[in-house]
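Per TrEMBL, the features are as follows:
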TRANSMEM  48-64  transmembrane segment
TRANSMEM  94-119  transmembrane segment
TRANSMEM  167-187  transmembrane segment
TRANSMEM  199-218  transmembrane segment
DOMAIN    264-292  domain '4Fe-4S ferredoxin-type'
TRANSMEM  343-360  transmembrane segment
Amino acid sequence: MITPNSIPVSTPPADDSFRDHFNGINEDGKRNWFYPQKPKGVWHNRRIWFTVVILTLLFVTPFLKYNNQPLLLFNVLERKFIIFGLFIGPQDYWLFGLTMLSFMVFIVLFTTIFGRLWCGWACPQTVFMEMVFRKIEYFIEGDSSKQKLLNKSPWTGDKVLKKGTKYFSFLLVSFLIANLLLSYVIGVDKLSKIISEPISQHVPFFSGIIIFTAVFYFNFAWLRDQACTVVCPYGRLQGVLMDRNSIVVAYDYKRGEPREKLHKGHDRTAGDCISCFQCVAVCPTGIDIRNGTQMECVNCTACIDACDSIMDKVGFDKGLIKYTSENAIVSGVNKLITNRTRGYIFVLVLLWSALGYLVVSRNDTQTTLFRAPGSQYIENKDGTISNLYTFKIFNKTNQIVKPVIHLDSPKGTLLFAGKPDLTLEGAGMSEGTVFIIIPKSELKNRKTKLKLSVYQAKEKLETFETTFMAPEE
Ligand code: SF4
Ligand code: SF4
């Protein structure tokens with residue numbers, strides 16, 4: 001039976017009743033708390049190095065600036081985003097939408113080819129859980145058997161010290177992650193200003209830091225593997241994103257089955273799996289990868305290392321569990337680029353082309369200038385005609401802009417009501433009313449199209465049009 005928490009990629013074993021229940025919950029309806037053994041091996045070492053790179057990038061990026069603004073900023077509160085120097089403000093919802101859409105198509109394409117490579121190597125949840133919090137836990141409480149013993153033991157001074165040190169360390173790291181998150185939301189400059197000023201001046205932000213610290217602490221101290229197996233929507237979508245050509249951490253059942261314990265001195269007729277259960281013992285989500293690809297597998301590679309070390313010990317070839325695909329196991333051949341991936345690549349190229357065009361052709365300002373509702377033209381004594389307009393100028397950059405509106409054609413003048421200061425803060429907006437005055441000699445029709453531009457100093461930021469009404473000749 002295939003349940004929603006299963007992914008029918010690898011051929012399941014004859015008895016697939018394990019799919020009928022969620023392994024994070026036991027038969028009494030209580031949580032199965034997993035104590036994975038310390039992973040070690042070639043793949044784990046690779047992941048350690050990759051984690052160093054990822055964490056360095058995560059912590060250094062908020063300090064990187066381009067054009068005097070952060071390289072990345074996700075200010076959801078003010079709807080301001082900066083993606084590698086490209087500022088996306090509240091006016092650029094279409095740009096934001098298209099960026100998100102192409103990001104989603106990219107995720108679909110990436111997952112179809114490489115499965116959950118992201119989850120195992122780069123997802124902040126796995127990186128922090130397995131490479132930071134779990135390491136702290138191993139350091140303080142020891143490997144899985146010692147952790148189990150400690151949890152069962154009575155509350156002695158040693159236990160209080162170990163548990164206290166562990167959870168206090170968890171709290172500190174959660175606080176650090178909360179600050180890291182905020183540095184991506186409001187930027188490091190604002191964050192350091194807030195931290196250096198009295199709490200009373202920034203109560204909402206300090207409350208935010210406390211709330212996020214509590215959420216991260218809850219996540220890494222209690223929720224743990226269930227963040228991936230129950231909460232994460234990406235994890236739940238694996239069943240539709242992956243296919244038989246996707247690269248996953250998989251057990252080579254053709255080589256491993258039938259599994260059988262190793263009996264010294266006996267001629268072995270069974271497969272290479274010696275049923276040592278080491279792959280299960282190291283799994284942070286508590287699954288048995290030999291049952292086939294499952295939604296709970298975050299592709300952390302711990303079972304590859306565990307099995308490789310067993311294969312080494314018993315003198316069999318490594319790679320009984322490895323990165324491969326279902327088709328590669330069955331036929332020995334794998335196709336990374338299929339018609340499905342070609343389709344995704346085609347859509348992605350279209351989206352990126354549209355995105356590129358929109359970014360290149362994008363103006364720094366967006367101006368709307370309409371005739372004031374209900375207003376008529378005014379015939380002036382000096383032989384000119386006036387129309388009254390209301391205007392709005394939006395600054396689509398994150399820098400201060402001092403715009404000047406200029407009438408390009410026909411000849412005429414602009415007379416602003418009240419001499420407004422049009423200076424625009426980053427992502428700011430300015431509005432007002434203006435008379436456009438044009439000599440009658442320039443107007444041939446009742447309705448004339450006006451061409452206007454917005455300048456900053458000598459730089460033309462934008463051109464736009466509006467209509468001008470004049471009496472019938
Ligand atoms: S099955 Fe293997 S790769 Fe998947 S989560 Fe468990 S240990 Fe990690
Ligand atoms: S670690 Fe390898 S040999 Fe041991 S049970 Fe798992 S697949 Fe079989």
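Cβ from N, Cα, C; glycine included.
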Report yes or no: does the transmembrane segment (48-64) come within contact of the transmembrane segment (343-360), defined as 3 or more CB pairs under 8 Å with a sequence separation of 6 or more?
-> no
Any contact between the transmembrane segment (343-360) and the transmembrane segment (94-119), i.e. 3 or more CB pairs below 8 Å with pairs at least 6 residues apart?
-> yes
Positions on the same chain near the transmembrane segment (199-218), where near means CB under 8 A and six or more residues out = 170-171, 173-175, 177-179, 181-182, 186
Within the domain '4Fe-4S ferredoxin-type' (264-292), residues counted as helix, strand or coil by DSSP = 7 helix, 0 strand, 22 coil
